[in-house]
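Have a look at the structure below, then the notes.
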Amino acid sequence: MSREGRRRTLRVLVVDDSAASRDELVRLLHGGDGLVVAGTAADGEQGLAEALRLEPDVVVLDLQMPRMDGFTFLRLLMARRPTPVVVLSSRSRRADVFKALELGALDFVARPERGGLAPVREELLEKCATVRALRIQNLSAGARALDARELEPARVAVVGASTGGPSALQRLLAALPGELPLAVLVAQHMPERFTGAFAERLARGSHFSVVEAVDGDLVVAGRALVAPGGHHLELARGADGVLRAAVLPPGAPGPGARHCPSIDRLFRSAARMLGRRACAALLTGMGTDGRDGIAAVKAAGGLTLAESEETAVVYGMPQAAAETGAVDALLGLDALTARLVEFARDARAP
């Protein structure tokens, strides 16, 4: 038999949020150099489920996607079923490429600055085909259908802020290590139509994947979900028992709240869903939002932190919470962040 005849077919999974890009990749890859496209996915969450179901030989991955981005996908895939991944990346986002390689990607292909992907077809085929030369054993051993409950992080931080919050949150999220076994949910008092851009700004300076929350988003380590302006954000479990974000309209049933998003509602939901696995952190802001919610987290056995007058732009909310006696530690912003990291890393933390 010829060498060509002995060459095994490689099954490819394409993960890209653009339908046009997915279609083009299928056309370019399918049948080329012994490759067949076994499936496609529109975001990281769907891609992870398909990778575990289809057990492809190689994944072609876009990094910038909604819901679950490529970085979170890589972390979870390499933990569950290590698979060769070829990243498609914009030339203007070189740092993203190196981050992806650090997370386990095999190689990358730079997208053409204009036009379609045809100019890089041969490069894509070649880099996917290099999988044949890799010494990767037992990739499918133990692989099984995705149970999203297995992705639930060991610790979850719920963070509330108002006046002065954008800068404080940017500083806090920038200091969190990317491999921390922690998910973060944020309620920042901010009008509608601003929180999407705010999440993008936070993401640019953070090792975490930071996105505006969408109802039903998985809560996973290395990811921060920002409450959409004009909506409440809570933690909830469906009938399947999976921990997800619930995005609720202003009039949704529940304790009355002056602000939307409500810090109290987010904190109370963390107390109900997580108990001692939750940390509530109340940052700078005016008023009393978060005061009752932080007391609920304390009563459920979670860790409660508030920003001290030393660094808070407005000390109103942290002070109101501290006066209830429900705050475990009143700390400057950097010390508060360090305590949060310690909490995430210590499985025995309260």
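Quick reminder: no glycine exception, Cβ is built from N, Cα and C everywhere.
Over in Swiss-Prot, the protein carries these features:
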- 11-126: domain 'Response regulatory' (DOMAIN)
- ASP62: 4-aspartylphosphate (MOD_RES)
- 150-347: domain 'CheB-type methylesterase' (DOMAIN)
- SER162: active site (ACT_SITE)
- HIS189: active site (ACT_SITE)
- ASP289: active site (ACT_SITE)
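Structure coloured by features recorded in Swiss-Prot.
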residue: ASP62; record: 4-aspartylphosphate; CB count, 10 Å: 25
residue: SER162; record: active site; CB count, 10 Å: 23
residue: HIS189; record: active site; CB count, 10 Å: 22
residue: ASP289; record: active site; CB count, 10 Å: 28
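Summarised as a single figure, the pLDDT of the domain 'CheB-type methylesterase' (150-347) averages 92. Cα separation, SER162 (active site) to ASP289 (active site), rounded: 9 Å. Spacing of HIS189 (active site) relative to ASP289 (active site) is 10 Å (Cα to Cα, whole number).
A straight line from the CA of ASP62 (4-aspartylphosphate) to the CA of ASP289 (active site) spans 39 Å. In the domain 'Response regulatory' (11-126), helix, strand and coil residues by DSSP number 54 helix, 26 strand, 36 coil.
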